[in-house]
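S.K.: The following block contains the structure, expressed as structure tokens.
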Amino acid sequence: MRHLITTKDFSNDEILELFKYTKEYLDEKERNDLKGKSVTTIFFENSTRTQSSFETAARRLGAKVLKLDVSRSSSSKGETLFDTAANLDAMAPSAIIIRHKNSGVPHTLANYTHCPIINGGDGKHAHPTQALLDLFTIMEHFNYDVIGKKIAIIGDIKNSRVAASNLELLPRFGIDISLVAPPHFMPNYPIKKFYKLKDVIDDVDIIMSLRTQTERHNVPTYASLQDYANDFCITKELIKDKNIIILHPGPVHRNIDISDEVMVDKRSKVLAQVKNGVAIRMAVLKKLILER
Ligand code: NCD
């Protein structure tokens with residue numbers, strides 16, 4: 001049985017094949033591929049996009065969705081995560097999608113269940129479907145001609161599972177990554193690093209802005225988000241009329257990550273990412289559930 005815990009779980013060929021289906025699913029039509037199947041979502045961390053995106057994806061393929069409300073579940077009565085998982089598994093879902101604040105939880109749970117586990121984000125570790133939808137958005141924009149394209153990933157890279165998954169995935173398709181962040185948000189990766197946005201802005205095709213992950217900071221290591229914004233917010237003054245695209249996984253801190261004006265600029269792909277996210281999750285669900 002296959003799981004999707006990190007982007008490493010799929011080969012490049014498999015990803016390109018997923019993208020073929022993803023493209024078809026952009027028509028937003030209802031399908032019956034997963035009729036009779038059931039998909040369970042269990043999100044121990046807040047989510048607006050990812051959970052509803054998976055649920056929309058499952059329903060669009062004809063599956064039933066069981067959304068476990070964690071605040072009302074037995075986890076809040078002291079049941080261990082493994083017992084919760086084993087009990088969910090006993091109801092024989094076709095796939096379980098899990099988000100958890102601790103890295104490694106989806107991987108461990110895969111040993112306790114009999115269906116594919118899909119990681120909807122675990123701690124700082126990985127968020128594979130987000131990176132897949134980011135790559136798909138880039139591929140579509142550049143007509144699949146992405147080798148040598150340059151991306152600047154900007155923000156709280158050290159604490160971001162979205163950055164971690166993109167750092168694994170994008171170079172596999174020939175995309176060149178630079179990291180841009182203040183020192184306290186900079187990870188230890190052996191990769192090009194810049195501490196000022198203006199030092200890279202003339203030399204990139206894609207900007208990926210990330211939210212400051214305040215919930216993962218034990219102690220704040222910076223003065224204020226406004227100080228951060230002064231140096232790292234994507235503004236019109238900064239991008240001028242450059243031929244670039246701007247990505248952000250959401251939730252966006254407006255005027256800290258990206259200015260209001262840039263959010264509605266044609267070069268901002270933020271809502272296209274959300275649309276693509278449903279289609280990529282349809283492709284992932286279909287692959288993992290039907291190819292067992
Ligand atoms: C991201 C996440 O939860 O990792 N959001 C998302 O899934 N769209 C990014 C974030 O929370 O900053």
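Heads up, the Cβ atoms here are built off N, Cα and C, so glycines get one too.
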S.K.: Pick from ARG72, ARG99, ARG216, ARG292: which one does TrEMBL list with ARG49, THR50, HIS127, GLN130, GLY250, PRO251 for the same carbamoyl phosphate site?
M.R.: ARG99
S.K.: Rounded to the nearest angstrom, how far is the Cα of LYS77 (L-aspartate binding site) from the Cα of HIS127 (carbamoyl phosphate binding site)?
M.R.: 28
S.K.: Taking every protein chain in this structure into account, which of the binding-site residues ARG49, LYS77, HIS127, ARG161, ARG211 has the most other Cβ atoms within 10 Å of its Cβ?
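M.R.: Counting Cβ neighbours within 10 Å, the top one is HIS127.
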S.K.: Select, from LYS77, ARG99, HIS127, GLN130, ARG211, each of the binding-site residues with a Cβ positioned under 6 A from at least one atom of ligand 1; if none does, say none.
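M.R.: What lies within reach of ligand 1, judged by Cβ under 6 Å, is HIS127, GLN130, ARG211.
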S.K.: Roughly how many Å lie between the Cα atoms of LYS77 (L-aspartate binding site) and ARG99 (carbamoyl phosphate binding site), rounded to a whole value?
M.R.: 19
